Amino acid sequence: MQVCSMILMFVIQVLALLCVFRSYTFDTMFVWSVCMLTLIHMSSACSVTDAICTNLTAVQEEIVNLHNAFRRSVVPQASNMLKMSWSKEAAVSAQNWVNTCSMKHGPPSTRMLGTYEMGENLFKSTGMFAWTAVVTAWHSEVVDYEYPTGSINGEPIGHYTQVVWYGSYEVGCGVAKCGSNYFYACHYYRAGNFKGVPPYSKGEPCSACPDACEDGLCTNPCPYIDRYANCPSIKEDYTCEDDIVKKYCPAICLCENKVIPIAKK
């Protein structure tokens with residue numbers, strides 16, 4: 001499989017050069033037809049086997065569906081848990097990071113979506129694992145977690161809390177083969193894991209979004225970002241007509257009846 005992939009990538013590179021230099025020994029229409037097919041393949045080519053390639057819809061669905069299953073089944077139940085969907089932008093960010101083969105977390109600048117810092121979960125292995133196994137490994141930290149206080153024994157629980165963070169409604173992932181190892185990453189928009197804040201609010205599923213619920217998960221995320229945690233009190237003091245409130249607290253003013261994720265710039 002790896003030999004075939006190497007041969008295929010060599011052929012793709014040759015064809016790409018053909019696109020650039022336009023060989024005049026071939027019919028022009030033929031050359032450009034080959035170019036188009038080459039570019040289409042290059043945009044979807046994976047450096048790993050199809051079973052874990054996040055360019056494939058089936059793999060994206062595997063990742064998203066498992067996240068949502070875990071989010072739906074939290075104990076105690078969540079009143080404001082948003083349904084997660086796939087983000088191409090977050091996936092590109094995650095893939096760019098694993099391609100470095102650093103095998104560690106990078107600085108915030110490596111996971112920015114515009115001016116917003118995304119959350120990140122990483123997984124390293126000496127063999128190939130299905131994404132179901134990777135996400136399940138992150139979630140397995142639940143055995144060391146107690147709602148709402150946090151870790152019960154000092155063991156890490158940040159991977160788990162990011163998986164079930166109520167406001168993380170988009171995810172994108174990537175994986176790279178680094179020598180004999182594999183490096184997996186998922187980036188989350190919006191980021192989770194705010195110090196001193198539980199991953200969700202306890203209550204009947206969708207009680208925070210009674211008019212926007214799908215199988216126990218909320219489907220009404222607010223697209224705006226409040227820059228301060230105390231925006232609700234700022235709104236009460238100054239109202240939404242105030243220029244400062246409009247600039248720094250748009251979510252609290254424009255997202256009535258929507259789930260508002262905590263901001264993290």
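Our numbering is plain: 1 for the first residue shown, then up by one each step along the chain.
A Cβ is built for glycine as well, from the same backbone N, Cα and C atoms used for every other residue.
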Bonded to CYS253 via a disulfide in TrEMBL, from among CYS240, CYS255, is CYS240
Per TrEMBL, the disulfide partner of CYS249, chosen from CYS231, CYS255 | CYS231
What is the number of residues in the domain 'ShKT' (222-255) that are helix, strand and coil, as DSSP sees it?
-> 19 helix, 0 strand, 15 coil
Candidates CYS231, CYS240, CYS249, CYS253: member of the disulfide-bonded residues with the richest Cβ shell (10 Å) | CYS249
PLDDT averaged over every residue in the domain 'ShKT' (222-255) | 93
